[in-house]
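Database features (TrEMBL):
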SIGNAL    1-32  signal peptide
DISULFID  Cys39-Cys465  disulfide bond
DOMAIN    46-465  domain 'Integrin beta subunit VWA'
DISULFID  Cys50-Cys87  disulfide bond
DISULFID  Cys60-Cys76  disulfide bond
DISULFID  Cys207-Cys213  disulfide bond
DISULFID  Cys478-Cys490  disulfide bond
DISULFID  Cys487-Cys526  disulfide bond
DISULFID  Cys492-Cys501  disulfide bond
DISULFID  Cys582-Cys597  disulfide bond
DISULFID  Cys599-Cys606  disulfide bond
DISULFID  Cys620-Cys625  disulfide bond
DISULFID  Cys622-Cys668  disulfide bond
DOMAIN    647-735  domain 'Integrin beta subunit tail'
DISULFID  Cys672-Cys706  disulfide bond
Amino acid sequence: MYVASEINHADKMDLKLLLISTLLGVICYSSAQQEGNECIKANAKSCGECIQVGAKCGWCMDSEFLEQGEATSTHCDELESLRKRGCSYTKVENPRGSQRLLKNKAVTNRNKGEGKLQPEDITQIQPQKLTLSLRSGEPQSFNLKFKLAEDYPIDLYYLVDLSYSMKDDLENVKNLGTQLVLEMSKITSDFRIGFGSFVEKKLLNPCTGDQNCTSPFSYKNLLTLTSNGQEFNTLVGEQQIDGNLDSSEGGFDAIMQVAVCGEHIGWRNVTRLLVFSTDAGFHFAGDGKLGGIVLPNDGKCHLENNMYTVSHYYDHPSIAHLVQKLSDNNIQTIFAITEEFQPVYMELKNLIPKSAVGTLSANSSNVINLIIDAYNSLSSEVILENSKLPEGVTIMYQSRCKNGVTGEGEMGRKCSNISIGDEVSFTISITSKQCPKMGKPETIKIKPLGFNEEVEISLNFICECDCHKDSIENSKICHNGNGTYECGACRCNKGRIGRQCECSTNEVTSEDLDKSCRKDNGTDICSNNGDCVCGTCECKKRVNPEERYSGMFCECDNFNCDRANNKLCGGHGHCECRVCICDANWTGSANWTGSACDCSLDTTTCLASNKQICNGRGTCECGACKCTDPKFQGPSCEICPTCPGVCAEHKECVQCRAFGTGEKKDTCERDCSYFNLIKVKDRDKLPQPGQAFPLMHCKERDANDCWFYYTYAVNNKTEKEVHVVETLECPDIIPTEASGSSHYGTWRRHQT
């Protein structure tokens, strides 16, 4: 009982698991169907609406395409479904996106000693301008090259904190100009340097009488960018340190003015470096309230006579505002900071793309090495950014960098470890999810951070079908002008509905109209498979796009027919109004019959080797022989287990298979593997007459006068079976004691 209950419990568990897996399969299938059926779910009323649903959707322009009861939105479906339903290729509206290069100047291949080029003649990014036509859901991809040019011009602006604590540092910066020009000449032959200083928003002078310093100021532009390093040295030598009331400095005001006052600073469209040197922290948005300043920084240039004049009026900029302006003006920032404030500026670096932090020695003696190292670090990485995208537009990046390194997602925007002269590439995919509200073209830009070059991309949106151009407004086809006839269907005017716009929305719920949507008084409206619109049934759509309701009252469908082998109409026909219509062959004759098209009319499967159907002993029904003579069986009525000679026919093979003797013992495996052999203990265990299939009992003698017993049959699976008694019956000679003579005694069974 215990074992039985265990088996029963196991069976129940298996059944539960089977039911769960089946249910999950159904759910997954339904979910997959639903996800892949966006065209039908959209219920598009026009071709334009249809093609905006997704790239898989097409619109059939054939005015005869719809069956009775189908809504206008049925014109919109997946391309394969439209084809299967008989919409010819020429009648399917399926516009595709495209792209066109407008400016595609190759990146510059140039070595340092090959002569000087103007910055505008150097190209580091390709292409420069293109147009994309976007179909909803269909990505348009293009390749972008970037090459870090040899001997590319550099502008460097040195912005230094001149608060009193930087007194020792100022002495070392006085010779920075000529030394830096000399070092940078190893990188570029076109280098310019500028200089500015900052302290804090203008307050009272905190310096004591014996200190040589001036009152604080927010920012001064002391030297516009120049290639004269000696001029830099001279000007820096004339500077004096200033005072400040607290330890935080007003460097953000200065950085903002350096970024936005391009004409005053003298920035060119080349590599722009801003070196920010200080031994203290920084003020940011909100700190101005300490001095009674509440107006937010406006991010505009306010230099008069190279002095920031409204520091007392506008608050310090926020970090986000600063990041935006540095990016807009392609400026890469190097923070040269004393060790004490390293952690603070490292956090700031993480917020400002294309920035670097270097540790300044106590008296700034290492500033040149710091700048060179920071520049090499910044130039070894390219990061792409794009301008704001229009609503519904997405962008994806994939990078192909040095040494076969690739990246996707956010990592697809950048490549690292780039050296001068290296070329890397990006694949950029742009997808539109919808048409803009006004349908107007948009422009976006992609550029490498810190560089002045960019790619300009014009986006055109495919919002209407080509057949829309031939539309007829107020067409007679659409119920005497109640709609526009376009792309094979009516697009109804406001307040009108129906396939031909034949009804007003005010008439939809009329009882008289509902009555015309019933097959008879005892049936549901539209057979509960549709909606009554203007007295006409519009059948519901199924989740599976292959399944449809149809008919005047939506009483028909193409999925509720008989099945065979778990296939609708056996896979040999199609379902029309719940009846299987079996497929025909090339002559027009049906190949299959039956309610599930599961009965083949092909008789070739019943042909015997003599080319007779069923050997003339039966009829071919559904592709299989039905033997009319009960003695015969087999695929073509070729087997007669009870006919004379059957035993002798199989004797040698049974003998070699069961006992390893006989004429075929050496070829047994080759010649005698056509039946299944089952050994039994004795003759009582042999199968007896009364089986579901004919059976032949056999008794044969071998060369040693031993008898063996077996049965031969062909089972219901048309498999040949032989049951054989595993022992032979052999004679023994037993001598008699009387008269010393001998004679054969009784037969005895001899087991082999």
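Keep in mind that glycine also has a Cβ here, set from the backbone N, Cα and C atoms.
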Long-range Cβ environment of Cys465 (disulfide bond), under 8 Å and at least 6 residues apart: Cys47, Gly48, Cys50, Ile51, Trp59, Glu93, Pro95, Cys487
Spatial neighbours of Cys60 (disulfide bond) among the disulfide-bonded residues Cys39, Cys87, Cys478, Cys501, Cys620, Cys625 [C-alpha, 10 Å]: Cys87
Listed disulfide-bonded residues among Cys87, Cys478, Cys490 whose Cα sits within 10 Å of Cys501 (disulfide bond): Cys478, Cys490
The domain 'Integrin beta subunit tail' (647-735), counted residue by residue under DSSP: helix, strand, coil: 20 helix, 31 strand, 38 coil
Euclidean distance between Cα atoms of Cys599 (disulfide bond) and Cys622 (disulfide bond), Å: 4
Proximal residue to Cys606 (disulfide bond) among disulfide-bonded residues Cys526, Cys597, Cys625, Cys672, Cys706 (C-alpha distance): Cys625
Sparsest Cβ surroundings (other CB atoms within 10 Å) among the disulfide-bonded residues Cys76, Cys87, Cys487, Cys620: Cys620
For the domain 'Integrin beta subunit VWA' (46-465), the mean pLDDT of the predicted model: 87
Which same-chain residues, if any, lie at least 6 apart from Cys39 (disulfide bond) yet have Cβ under 8 Å of it: Cys50, Val53, Gly54, Lys56, Cys57, Gly58, Cys76, Asp77, Glu78, Ser81, Pro545
Of the disulfide-bonded residues listed as Cys87, Cys492, Cys597, the one whose CA lies nearest the CA of Cys620 (disulfide bond): Cys597
Cβ neighbour count (within 10 Å, all chains shown) around Cys622 (disulfide bond): 15
